[in-house]
Every structure is written in C-alpha cells, then in structure tokens.
C-alpha cells in the first residue's frame, strides 16, 4: 500500500513538472519571456537544466535532473525534447511558435475570460487547482492593486474559443461556496466602458437639473429626492480592508441597478442608492445566496432606510454627487481630458520641433522635426500598465536565474 502511495505522489509530481516546463516553453509565455528567448538563441534552442532549475516554481518542485527527464519522457504533449546527455531541454523544432499577428492577438483575446469572486488570500496554486477540470488553461493572470494585493479576480486564457465558451456558459459556478462573476474578457471591458459612459450621462443630467433648479428654487431637488425614496440600503459589519465599490456591484449585479455608493475603502459601513426599490434588490440577492448575503466572506447587516434617516442620507448623497460634479467641471470636463492620454503629446511637440520660420522652438533645442513615435500597443493589456513583461501563470514578473535576481534585491519580488 505504501508503495502505491509513493507511486501516486511521484506521478502527481511529474505531472506538475511537465505542466510547468511546458508553460515556460508554451505558445503563450515564450514569445513574452525575454530571458528565455535569449537562452534559446545560444545553442540551437537548447537550455541547460542547470539554468532551468533556477526558475523559482520549477525549483520548488525539484532540482533533480533525472526526475525532470523522467517526467518529460512521459508527457503526451510532445512539446519538449531532451538532449542525448540528458542535461539540456528545448522546445521541439517541429512545434514552431505561432506568428504573433493581429489575427493571433484577437484569437487570444477571444478565448480570455474574466473571473471574479476569489478570496484575496487565494494563491495561484489554489486557483490552478480549481481550474484543473474546467478546460486546458494556457495562462492565469492574478489581478492586483497598486500595492500588489490580490484583487480577487483573474484573467484566464483557454486553449480554444470553444473551451472558453463552454466555461463561460456553465451556470452557477462557485469557489468554496462563493458565487463567481464570469465574463469573456472583452465583455468585461465593454461593461466597464458602459459604466463610465453611464456616469458621464448622469453627470450631465445632474448639471441640467441643477441649472433648472436655480430658476425654480427647491422644486427640482424636491422631485429628485421624492423619486428616490425607498431606494437606499445601508450596510455595516466587520468589512475587509480591501472591500471596494466593485464588490457591491458584483453582489447585486443581477438583482438591482446601483446608481451611487456612499462608501470609502476601509470603512465599516456605507449606503447604496439603487435605481429602483432597495427592498426588492435585497430580497433577490438574498434569495440567490440561500438567504446568507455575505460580502467578501464577511457577515454584513443590511437595512433599508426609512423616515428621517432616509432623508438625511439622501441629502448627503445628493450633496456628494453635486460636489463630485463640481470637481469634474472645475477640471474642464471634456476639455481637460483632451490633454490627457493619447493626445498629451500635441502640447509637448510645441517645444520639441522647429519654431516659426524653421527656428528652434526654444534656446538649445535640437534642430529638425520633432516626431511623435506613436502610441505603444501592448499585446497583453490586462493591467493597462507599462513595465517588465509578466510571467502570468506564476503571478510574478518573468523568472531569471537566482544569480541575476540577486543583483536587484532592493524591493524585487521573490523569484
């Protein structure tokens, strides 16, 4: 019996080794991995196992060359080759990398899925284990805050559009009794863009109401407040420090449209303004969660506001909305945004190119025409950030041998 148990453990280890190495040399990772791409140029694609075992996730599995070679010999993917002396490995020349064309990029986007609802303390291995029977996953990106805290959501790339669609279309998927929000990546971004557009429309409408209200003092505000009675839901409890407004949108996504959330991260209570009656949204959400409506796995007290408490809260929300609108106006609204993002270079070019009459724009300026280099197009725009290419399935930056990592230990991540 003990021998059977050992054999099962070894088989599981070998499967993990194959999966990890085949990820390193796979279609998704290899084109993005600068270090590994440099290594395969040195010796006809061969990479020494001595180098490979310095990759952190493989190192945690094994450093034994024989175990690695034995594992790869049992792989059914036929992606990797082992050298005759069993000291080097390479991606099989018969399996060339796909050409990274626009068509290929679109194909990757079409089989990328957004999944939200994981606890913030979940690890990459936890998520990989949960996804094991959901289809073949080529890459997992754990989405993080600016402070590197896991946000509880991921982007996963499936091996085919069919497997991605099958996963997205499967209803009622949960992670440890927590309902998950699952969308195609493109649908997720479309949803976020629609929310931004809706916010702009609401801001314009609010501005119009305020303008009309100045001619009829109190009438517009009174009608607006009366129309929102019964739409406020107060929540309180020992909330997670990472709780954010998006969590409430997720919780009530199919039960009621949220118009405003009076809440700041780190607070223990707040108020949600629904478009329709808050009681209906609360009952629907409770029913969908078997009567136990948790927020990031924390117990929460939910209360529909009435009477003076409701009027006071509505007045505060109205004032906050007006303040937000005023700030937006003070920045110039659309005019201010014309100088942000993709068009910011137009102002800068005034000082970089030739001045009037072919003269330099300023003293000491280089002669010649200042040329805009174009917007940078990223293949993987999940985080919408610039910086080193990430090794997504590790949830870290690309791995390099420990010797190189030691040269930059001032705040660098664990490799």
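Yeah, the Cβs are placed from backbone N, Cα and C, and that goes for glycine too.
Copied over from Swiss-Prot:
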type	residues	note
DOMAIN	7-99	domain 'HTH La-type RNA-binding'
MOD_RES	92	phosphoserine
MOD_RES	94	phosphoserine
DOMAIN	111-187	domain 'RRM'
MOD_RES	116	N6-acetyllysine
MOD_RES	120	phosphothreonine
MOD_RES	128	N6-acetyllysine
DOMAIN	226-343	domain 'xRRM'
REGION	323-415	region 'Disordered'
MOD_RES	327	N6-acetyllysine
COMPBIAS	328-341	compositional bias 'Basic residues'
MOD_RES	356	N6-acetyllysine
MOD_RES	377	phosphothreonine
COMPBIAS	377-415	compositional bias 'Basic and acidic residues'
Spatially speaking, which of the modified residues 92, 94, 120 is closest to residue 327 (N6-acetyllysine)? Use C-alpha to C-alpha, please. 120
So which of the modified residues is most packed in, judged by how many other Cβ atoms lie within 10 Å of its Cβ, out of 92, 94, 120? 120
Could you work out which of the modified residues (116, 128, 327) has its C-beta surrounded by the smallest number of other C-beta atoms within 10 A? 327
Residue 92 (phosphoserine) and residue 120 (phosphothreonine), Cα-Cα, nearest whole angstrom: 38
Local backbone state of residue 327 (N6-acetyllysine), from DSSP in three classes: helix
Take the domain 'HTH La-type RNA-binding' (7-99) and count its residues per DSSP category (helix H/G/I, strand E/B, coil), listing them in that order. 47 helix, 9 strand, 37 coil
Spacing of the two Cα atoms, residue 94 (phosphoserine) and residue 128 (N6-acetyllysine), in whole angstrom, works out to 29
Measure from the CA atom of residue 92 (phosphoserine) to the CA atom of residue 128 (N6-acetyllysine) and give the result in Å, rounded to a whole number. 26
Its residues classified by DSSP, the domain 'xRRM' (226-343) shows 51 helix, 24 strand, 43 coil
Distance, residue 116 (N6-acetyllysine) to residue 92 (phosphoserine) (CA atoms, angstrom): 36
